[in-house]
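Database features, via Swiss-Prot:
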| type | residues | note |
| --- | --- | --- |
| ACT_SITE | W261 | active site, tryptophan radical intermediate |
| BINDING | H245 | heme b binding site |
| SITE | R118 | site 'Transition state stabilizer' |
| TRANSIT | 1-41 | transit peptide |
Amino acid sequence: MASAARSASRAFLRSSLRPAVRSSRFALPTQGLRVASRRGYSSEASSGKSSNTLLWAGVALAGGAGAYFYLQGGDVGASTKVFTPTKEDYQKVYNAIAERLANETDYDDGSYGPVLVRLAWHASGTYDAETGTGGSNGATMRFAPESDHGANAGLKYARDFLEPIKAKFPWITYSDLWTLAGACAIQELGGPDIPWRPGRQDKDVSGCTPDGRLPDATKNQDHIRAIFGRMGFDDREMVALIGAHALGRAHTDRSGFDGPWNFSPTVFTNEFFRLLVEEKWQPRKWNGPKQFTDNTTKTLMMFPTDLALVQDKGFRKHVERYAKDSDAFFKEFSEVFVKLLELGVPFNSKVEDRYVFKRSE
């Protein structure tokens, strides 16, 4: 009964938000927004079974897509075949992620989508333009110490969520899988199209990046410019990327912060920016790090770095523009998120070769 009530409540919320979401030319069809009742999280164990028809032996990237070698039959002396995935193969991966998002609702607010976006963001946001290190190429968050960095707390949920997908499509690298999953989540939660291309290679533990390359939510605008500037972003791009806070919520057992940024944490909209501009925010009185709560309902939260976006003149003009123009936010977020996912990746393909995946129906 309680589960049905929660589902009805979420359906009503999404219904009320739908005009704003669908007003954009990038918007998701109505049936794509699926939210069910929340249950306790449980991770799935990866299968240890081996196949006697397909034994993967290695990976060699060629061109814009990967050429993947495997043994037919699984026996010594068996013939070696080469599989070069096409757009249709990557669409199948997208479809599998989208289906799992629709069926696995035992996470915050009924969707793993926001944490998949965070995984793609954090896997990519370690890039350093000066040294050419970090970025999505490598998926080194699979290993300690990077997996144990404070900014990556809680991302095991996202990595575990994708393990069954990796098992089903063993030819895709973790680097490509994590970024494709982020693109899929944004599209399936009503956001803009995220053009994507393969070509990332996985690395071992030696490729782990040092701690401190990701944003610290307790800081101010100077920190934002230092972190994002290291990756090569300008003020407009910085504000657009932080717009990923349209999705998800903070957790006391991870970042130390608590609560969602807006009333629709599983629907991608420009509400984050509208609330920054239109709502009054005050420091929350609680036994935790400094964060801000909305004056109206006292159920939402903002980081100090979020409030810095409206306190800094250079940032605020972009916040106000996105708050007024959802289409502009969707378009510019898509462009800069694609840029983020590709930082430091030695592609052999052209930008014209990017795929735009068909959304689920």
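Here the Cβ of each residue, glycine as well, is placed from N, Cα and C on the backbone.
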Separation of alpha carbons, the residue listed as 'heme b binding site' and R118 (site 'Transition state stabilizer') (Å): 9
Local backbone state of W261 (active site, tryptophan radical intermediate), from DSSP in three classes: coil
Neighbour count (Cβ, 10 Å) for R118 (site 'Transition state stabilizer'): 22
Distance from H245 (heme b binding site) back to W261 (active site, tryptophan radical intermediate), taken between C-alpha atoms, in Å: 7
Conformational class of the residue listed as 'heme b binding site' under the three-state DSSP mapping: helix
Residues satisfying Cβ distance under 8 Å from H245 (heme b binding site), sequence separation of at least 6: W261, F272, D306
Packing count at W261 (active site, tryptophan radical intermediate) (other Cβ atoms within 10 Å of its Cβ): 23
